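Asks: Copied straight from TrEMBL:
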| type | residues | note |
| --- | --- | --- |
| DOMAIN | B:3-347 | domain 'CstA N-terminal' |
| TRANSMEM | B:130-155 | transmembrane segment |
| TRANSMEM | B:161-179 | transmembrane segment |
| TRANSMEM | B:186-204 | transmembrane segment |
| TRANSMEM | B:224-244 | transmembrane segment |
| TRANSMEM | B:256-278 | transmembrane segment |
| TRANSMEM | B:290-314 | transmembrane segment |
| TRANSMEM | B:326-351 | transmembrane segment |
| DOMAIN | B:365-508 | domain 'CstA N-terminal' |
| TRANSMEM | B:389-412 | transmembrane segment |
| TRANSMEM | B:433-453 | transmembrane segment |
| TRANSMEM | B:459-485 | transmembrane segment |
| TRANSMEM | B:492-511 | transmembrane segment |
| TRANSMEM | B:523-546 | transmembrane segment |
């Protein structure tokens with residue numbers, strides 16, 4: 001009995017979350033992507049000639065962001081990597 | 001006349017419409033197919049295209065289409081007596097709105113979930129799409145202007161609601177942060193949010209806030225309108241998760257709570273409908289029922305705005321094509337039941353006929369204020385709640401609906417300006433801030449232009465708003481009709497509502513044109529001419545497109 005009530009509550013909460021999120025999925029995904037693009041710009045800023053005081057830390061992140069870097073530059077309208085020393089495709 | 005009878009007749013009629021008529025439309029006319037692969041599955045991407053549980057989807061659809069408009073329209077239209085408004089809401093929901101909303105879903109699902117705007121361009125023609133953009137812009141412009149005026153009136157009418165109405169925004173901001181940053185789960189947040197909101201409603205009447213009558217030469221009403229637009233402009237520029245999303249969620253909860261409370265109170269208290277069945281004694285200057293009734297009540301009977309919601313978001317999430325009947329048609333039934341509640345509140349919430357007549361002294365009077373005051377009396381009688389608290393509860397509900405529509409409306413208007421900026425290579429106009437300012441300026445011009453310096457007459461444009469909304473519905477019905485004709489199916493079920501709408505719309509515009517001319521109100525006359533031109537363009541498009549469609553051979557069965 002208790003389990004069934006708990007199960008029903010859990011189901012209700014799932015439906016509620018769906019109700020809360022569904023209408024805004026697209027807008028939020030877009031906002032998240034914009035935030036990520038800004039982050040990419042910060043991480044790769046030195047290579048584009050923008051001084052970055054945190055270059056030591058962001059340098060370590062670059063290999064981790066390789067996949068996303070490719071997606072990013074294609075989304076920004078550049079078919080090939082825009083950076084001379086940083087080839088991903 | 002007992003309000004319970006009215007309620008049961010109305011709900012019974014709409015339920016029968018859903019059970020029988022919508023089944024006929026879904027099976028025989030649209031021929032919804034449970035095996036058709038909907039765009040939600042075909043293009044599933046976890047963002048726009050997501051197959052969604054039909055009850056959840058119905059919840060959205062219903063709460064996005066139901067707002068303040070299905071309350072304002074009926075609460076104005078009962079000036080002709082309760083019967084005309086009642087008949088139009090019930091029959092409109094059954095034969096117009098339900099068919100239109102489920103049809104918009106079907107049309108969109110069968111066309112890769114495109115929006116009605118894009119469909120008009122594809123199915124009817126490019127010229128029709130331009131007309132469509134203009135009509136949408138007019139709808140948004142008018143709804144924003146009117147709602148600004150309406151909320152200002154509500155806040156002046158009930159100073160006790162000022163704290164909860166603005167406090168609700170703070171509650172929404174906190175909820176938004178809590179959920180977005182995943183600090184606590186939705187269940188707890190909902191409970192806490194609802195408790196916070198209702199505590200504010202309880203406290204509100206104890207700390208009434210009224211603006212001084214004159215601030216820098218502006219009346220209290222004008223100051224509220226300016227404040228509301230300043231708020232809406234900021235809200236429409238914020239990311240959606242911050243304010244709009246949690247507000248929508250709270251509104252959804254409020255809508256269900258409000259409807260249940262109102263219907264419950266009617267059933268327990270059984271108030272008497274004091275307004276006349278048909279009002280023979282309408283105040284001087286009230287326009288004739290035919291055709292004005294059909295544009296005064298747009299949302300609640302049929303509304304083009306639903307087509308935008310159905311084809312814009314709902315169609316991308318439809319799990320099965322057959323769900324279109326439940327989501328679209330039953331969504332319209334939900335809105336019809338809200339309009340019915342508004343009719344009951346505005347006719348049965350008064351002690352005597354004289355009290356009712358004291359509120360409905362001229363066309364455009366009553367509206368949300370009558371809904372709030374009448375509804376509060378019913379709530380207090382049925383549940384034993386304090387009248388002040390009940391009035392605050394309904395004011396908050398109505399103001400939140402109208403406020404959310406305002407900031408969504410401004411956002412959409414901004415997108416249209418930005419799009420125009422791109423089309424006409426005006427770089428400055430493509431930025432959010434200038435586009436928003438331009439949108440706000442156009443709304444303020446309308447609110448004050450139509451209503452004078454204190455914006456009090458803004459409700460005069462309500463029927464004009466109804467007309468543009470009906471034009472939008474007409475365009476959606478045109479798309480559906482052409483699709484039906486091309487498939488060789490009976491088109492009468494969408495063609496008849498389309499013709500009826502266009503005739504009533506044109507008729508209403510001409511009647512109003514004369515009345516504005518007689519009053520020498522050149523501003524509204526100009527606006528009427530603009531809408532009339534749009535209406536003529538829509539009618540010509542319809543005639544041309546239908547003629548072509550009937551001549552062409554049938555494409556597919």
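Cβ from N, Cα, C; glycine included.
Unlike curated entries, TrEMBL annotations are predicted automatically.
Surface or core, plus neighbours and distances: that's what I need for these features.
Replies: Outside the transmembrane segment (B:161-179) by six or more residues, the chain places 151, 154-155, 186, 189, 193, 196-197, 200-201, 203-204, 207-210, 231, 241-243, 245-247, 249-250, 391-392, 395-396, 399-400, 403 with a CB less than 8 A from a CB of the stretch.
When Cβ-Cβ distances below 8 Å are used as the criterion, the transmembrane segment (B:186-204) is approached by residues 160-164, 167-168, 171-172, 175, 178-179, 246, 249-250, 253-254, 257, 389, 392-393, 396 of the same chain, each at least six residues removed from its ends.
Here the transmembrane segment (B:256-278) has long-range neighbours at 1-4, 6-7, 78, 80-84, 194, 337-338, 341, 344-353, 355-356, 375, 377-379, 381-383, 393-394, 397, meaning same-chain residues at least 6 beyond its ends whose C-beta is under 8 angstroms from one of its own.
Within its own chain, the transmembrane segment (B:290-314) has Cβ neighbours under 8 Å at 57, 60-61, 64-67, 69-70, 73-74, 76-77, 80, 84-85, 88-89, 91-93, 96-97, 100-101, 104-105, 107-108, 113-117, 119, 135-136, 139, 327-328, 331-332, 335-336, 338-339, 342, 462-476, 497, 501, 503-505, 507-508, 511-512, counting only residues six or more beyond its boundaries.
Within the same chain, residues 66-69, 71, 136, 140, 143-144, 147-148, 150-151, 154-155, 157-158, 160-161, 164-165, 168-169, 197, 200-202, 204-205, 228-229, 231-233, 235-236, 243-244, 247-248, 250-251, 254-255, 258, 261, 345, 368, 371-373, 375-377, 379-380, 383, 436, 439-440, 443 sit at least 6 positions outside the transmembrane segment (B:389-412) and bring their C-beta atoms closer than 8 Å to a C-beta of that stretch.
Remote same-chain residues near the transmembrane segment (B:433-453) are listed as 141-142, 144-146, 148-149, 218-219, 222, 225-226, 229, 232-233, 236-237, 410, 413-415, 417-418, 421, 459-461, 523-524, 527 (criterion: CB distance under 8 Å, separation of at least six residues from the stretch ends).
Cβ atoms under 8 Å from those of the transmembrane segment (B:459-485) belong to residues 29, 69, 72-73, 76, 96, 100, 103-104, 106-107, 110, 116, 119-120, 123-124, 128, 131-132, 135-136, 138-139, 142-143, 145-146, 149-150, 287, 292, 294-299, 302-308, 311, 364, 367, 446, 450-451, 491, 494-495, 497-498, 501-502, 504-505, 508-509, 512, 521, 524, 527-528, 531, 534-535, 538, 541-542, 545-546, 549-550 of the same chain, restricted to positions at least 6 beyond its ends.
Note on the transmembrane segment (B:523-546): residues 124-125, 127-128, 131, 134-135, 138, 446, 449-450, 460-461, 464, 467-468, 471, 474-475, 478, 481-482, 485, 495, 498, 502, 505-506, 509-510, 512-513, 516-517 of its chain, located 6 or more positions outside it, place their CB under 8 angstroms from a CB of the stretch.
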Asks: Within the domain 'CstA N-terminal' (B:365-508), how many residues are helix, strand or coil going by DSSP?
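Replies: Its residues fall into 124 helix, 0 strand, 20 coil.
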Asks: Summarise the model's confidence over the domain 'CstA N-terminal' (B:365-508) as a mean pLDDT value.
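Replies: Over the domain 'CstA N-terminal' (B:365-508), the predicted model scores a mean pLDDT of 89.
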